[in-house]
Amino acid sequence: MSLCTLEINLSAIKNNYLLLQDICKTSLVGAAVKANGYGLGAVQISKALIEENCRHFFVASSEEGVNLRKALASWHESVFRHCEKNYTVIRRSNPVKNSVSQNFFNYFSGLQQCFAPRNDGSSIHATTPKALDNDVNILVLNGVFEHDALELIEYNLTPVLNNLKQIEIWQKFSNLKNRLLPCYLHFNTGINRLGLTHNEIEQLINNRDLLKGLDLQYIISHLAVSEEIDNPYNLEQLNRFKTYLQYFPNVKASLANSGGIFLGQDYHFDLARPGAALYGLNPVIDLSNNLSYKEEFEGDTERRTAAYINVREDSSTGSTYKLPLEGGYSRGLQNPVTLKAPIIHLQNLTLDSHIGYNMTFTTERDSVIATLPLGYADGFSRNFSNQGEVFINGRSVPIVGRISMDLINIDVTDLPPLDIFLGQEAEIIGNYCTPDKIASIIGTIGYEVLTSLGSRYKRIYK
């Protein structure tokens, strides 16, 4: 068993989702859970967000989609059977008192209709776990390929089609199955990675038969610099996207990623698809600075206070919106991740002692050095050598020497003696040192910090 623990606070992720939904108002909010939910657990996160009425989950590949669908199908089966067995108990009393959480009950409140008598008074009827499962949309961002098309159909996955070849493949399997197949189209408006090009979009506009057999549910695009609020390229992409959408007036649209949500309602359309912001990462550069506005609003079950920054005007409505400040739900986005490692070795070193590979650190005094059981094999970058920090009881402790595959050394000399003992936990990631802060030390982004978290940690969901 791993000595290190990675705690993922699902309540924090839920709260981040609810905050984003508040900002998006009437637009739907989905969730990017690709790369195993940014390293935090796609299945667990999806279940938690389903309880908050999230119904759109974005993965990168068909493999990720199949794994998620299988897990959710199994969960829906168990939940359905639980409700079927305990429906009478649930109906007659407060569900919370019967070991059924309020969120759990709310999500499956539709089952009241499934198990209720028909209007004509005839026998009780029920839906199926499959019907519950089909209510959850799993979108595959990389699209469809010949080798996985049947798998997408079998597991009810919706591909985001990125070029005419993928459209052709999906149309071929539509003909094979003799039914409409659901899809999203991705229009490239300037990020120049995936997405139909301008010439390909013109072909679709001029020849709608290219989409025959396809159930086109959404048209999406992706912003290149949404974290830079004042970058004019955001508006360029928005205008390009709107121009294309004029030719598809009855199709829903999605543009905003995490940063796009904070660009204003012009960017929200029918569906936003945040990733980073769900996991407590700053979606906008300098988001946590310049507190300037405070607003109270009424939630469904409680009164919340949210602090915001940088009041901006929405060009489409003339109304203002506010950007949330880091730090706890009542102040904005929460960090849901805490990584802890215990001290497994202590030693007293004299002045001029060398530490770690290649002797990159030399003590400048008599020192107490502690060793923690994690390293670059666990996603803790070697770039933290001699420049990172951890926290013990809220006190900063420097990393000394090279990060090795499985171990790091820290200098605990300045800690109170009572805080220095074998088994004492050091906080590697947490509220003292968020993924964004860690990323800034080594010149990367919080996304990379989270997705690099290794498989050897004991993961605890709360």
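Any Cβ shown, glycine's included, is placed from N, Cα and C.
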Region 'Unknown insert' per Swiss-Prot sits at which of 73-132, 193-252?
73-132
Coarse DSSP state, helix versus strand versus coil, of TYR357 (active site, proton acceptor):
helix
How many whole Å apart are the CA atoms of ARG193 (substrate binding site) and TYR357 (active site, proton acceptor)?
40
